[in-house]
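This report concerns only the one structure given below.
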Amino acid sequence: MCADTPHHPTPVHTEEAMAITLGELARTIGGELFNAPDQDLEIHNIGLDSSTLAKKAPIFAAVPGSRKHGAEFADTDRAAGALAVLTDRDGATILDRKGDTRPRLIVDDVREVLGVASSSVYGDPSRDLVLIGVTGTSGKTTTSYLLERGLMEAGYKVGLIGTTGTRIDGEPVPTKLTTPEAPTLQKLFYRMRQHGVTHVVMEVSSHALSLGRVSGSHFNVAAFTNLSQDHLDFHDTMEEYFDAKALFFRAGSPLAADHQVVCIDDEWGTRMAEVAGNAQTVATTGKRADFTAGLVTVKETGEQSFTVTVPDHGEVPVTLALPGAFNVANATLALAAAVRAGVDPVAFARGMAQVAVPGRMERIDEGQDFLAVVDYAHKPAAVAAVLDTLRTQIDGRLGVVIGAGGDRDATKRAPMGELSARRADLVIVTDDNPRSEVPATIRAAVMEGARRGAAEADHEVEVREIGDRAEAIRALIEWAGPGDGIVVAGKGHEVGQLIAGVTHHFDDREQVREALRHTQSDGEGK
């Protein structure tokens with residue numbers, strides 16, 4: 001175990017809410033108070049809107065929005081019980097116009113201080129937790145699940161925050177974002193601490209790093225999975241995307257974790273390790289690294305076993321129910337992060353053995369004679385990795401249903417179609433979450449790439465366009481025969497399809513099961 005192993009905090013079980021005075025909060029964030037004759041006013045909660053303001057003594061954080069300034073909603077938050085307002089000078093002008101005379105705390109940029117302010121209101125809870133953050137383009141959710149289960153097997157009480165939701169010691173807690181806004185996040189840390197949680201595993205998105213959602217959080221370990229094209233609607237270039245992730249690792253960054261582990265299987269990982277300076281490295285492709293995976297064996301079911309060479313421990317055996325070389329990388333990274341957090345690697349590895357992640361290489365089995373999988377892959381590199389993995393598990397043909405999300409990075413649409421057609425025998429282009437865009441426009445971009453990939457592929461490829469996602473799934477399953485493999489890619493664990501501002505219930509897993517049963521019943525009747 002490393003000499004600089006983080007401490008394991010003593011669980012706190014008090015139910016008394018934390019509090020900070022308005023004057024203390026102003027001094028902490030460097031703000032200026034107005035209309036505040038009583039600087040000893042106690043603040044117990046902080047929120048960005050009325051729905052997140054708790055009943056006891058909250059302060060409303062009014063930030064500029066894409067359409068309106070948050071201060072325009074001051075009447076709503078006042079009705080919710082907000083005793084004071086944290087805002088900028090534009091917000092103060094709006095409050096004056098509305099005749100709002102509550103105490104106000106003025107700063108130049110609310111988002112810049114919101115993380116520290118929220119942490120202060122809830123008593124800096126992350127410092128009483130061993131906090132492990134996972135970032136990267138793909139693999140965050142799977143790595144986080146592996147960490148959660150491994151830590152639980154090692155005897156710790158664990159919190160999880162990520163794409164598929166939040167859990168406190170295994171119990172679900174509703175959240176909306178991969179990385180919640182700073183007030184919600186700090187309150188979650190506070191709740192976890194109250195419930196005796198010792199370790200928290202958290203997915204950290206590039207948006208969260210860029211927008212300051214994790215400011216004020218003390219991370220013991222940061223883990224980097226990989227980087228590939230995504231979010232170029234938010235980050236203008238891959239370099240900007242990389243720089244956002246690097247905030248978590250770069251020496252001198254206020255967001256940098258105490259310890260870092262970086263997978264160097266791709267060039268971006270190698271660069272990230274260089275940026276971090278003192279990061280420990282992970283490799284599964286034969287590169288020299290601190291943690292290396294080897295002796296990989298794969299069963300017909302996709303179950304994998306391998307060893308990880310761990311500094312000061314030697315080789316640790318690992319078994320995974322999850323298929324794919326990328327999951328060997330995810331598991332090795334999870335193990336490395338756990339070791340950096342002072343966890344016994346052997347006990348941790350036992351916990352990873354039976355991890356299943358909703359919508360990630362999730363097999364759907366209704367007794368059919370071909371392999372059917374649902375996966376969240378919605379980025380070019382992820383789609384390619386999933387198809388490459390499935391190709392190794394089947395003797396027959398490979399088919400995929402693929403689409404792309406609206407109001408998101410449009411430059412990845414054609415590459416997703418192209419990479420699919422280079423690997424699959426059948427590509428069905430369909431709708432994902434069109435959001436406010438015209439679905440046919442999105443499909444056209446994916447189709448362009450698919451046709452190009454089919455023309456350049458070293459095998460015959462059929463490309464179809466079926467806009468209705470349920471119909472596309474049925475067509476894929478009707479096409480599949482004995483020994484084939486199919487994957488419905490893009491939505492994974494999601495249970496809704498967002499079209500023109502309306503979310504319709506839609507679960508790829510349900511649709512695949514229904515189509516499989518329907519196809520089998522038709523076959524039995526023949």
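Numbers run from 1 along the shown chain.
Each Cβ is built from the backbone N, Cα and C atoms, and glycine gets one as well.
If you check Swiss-Prot, you get these features:
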- Gly136, Thr137, Ser138, Gly139, Lys140, Thr141, Thr142: ATP binding site (BINDING)
- Arg408, Asp432, Asn433, Pro434, Arg435, Gly490, Glu494: meso-2,6-diaminopimelate binding site (BINDING)
- Lys245: N6-carboxylysine (MOD_RES)
- 432-435: motif 'Meso-diaminopimelate recognition motif' (MOTIF)
Distance [Cα-Cα, Å, rounded] between Lys140 (ATP binding site) and Lys245 (N6-carboxylysine): 13
Cβ within 8 Å of the mean position of the Cβ atoms of Gly136, Thr137, Ser138, Gly139, Lys140, Thr141, Thr142: remaining residues of the chain near ATP: Val134, Thr143, Glu203, Thr225, Asn226, Asn330
Neighbourhood of Arg435 (meso-2,6-diaminopimelate binding site) by C-beta distance under 8 A, where only residues 6 or more apart in the same chain count: Gly405, Gly406, Asp407, Arg408, Leu498, Ile499, Ala500, Gly501
Between Pro434 (meso-2,6-diaminopimelate binding site) and Thr137 (ATP binding site): CA-CA distance (Å): 21
Protein Cβ atoms within 10 Å of Thr142 (ATP binding site), excluding its own: 28
The residue listed as 'N6-carboxylysine' CB neighbourhood, other CB atoms within 10 A: 25
Remaining residues near the recorded meso-2,6-diaminopimelate site, that is with C-beta within 8 Å of the centroid of the site residues Arg408, Asp432, Asn433, Pro434, Arg435, Gly490, Glu494: His378, Gly403, Ala404, Gly405, Gly406, Asp431, Lys491, Gln497, Leu498
Candidate with sparsest Cβ neighbourhood (10 Å radius) among Gly136, Gly139, Pro434, Gly490, the listed binding-site residues: Pro434
C-alpha spacing of Ser138 (ATP binding site) relative to Gly490 (meso-2,6-diaminopimelate binding site), in angstrom: 13
DSSP-derived structure type at Thr141 (ATP binding site), helix or strand or else coil: helix
In the chain carrying Asp432 (meso-2,6-diaminopimelate binding site), residues 6 or more apart in sequence that have Cβ under 8 angstroms from it: His378, Gly403, Ala404, Gly405, Gly406, Ile442, Arg469, Gly490, Lys491, Gln497
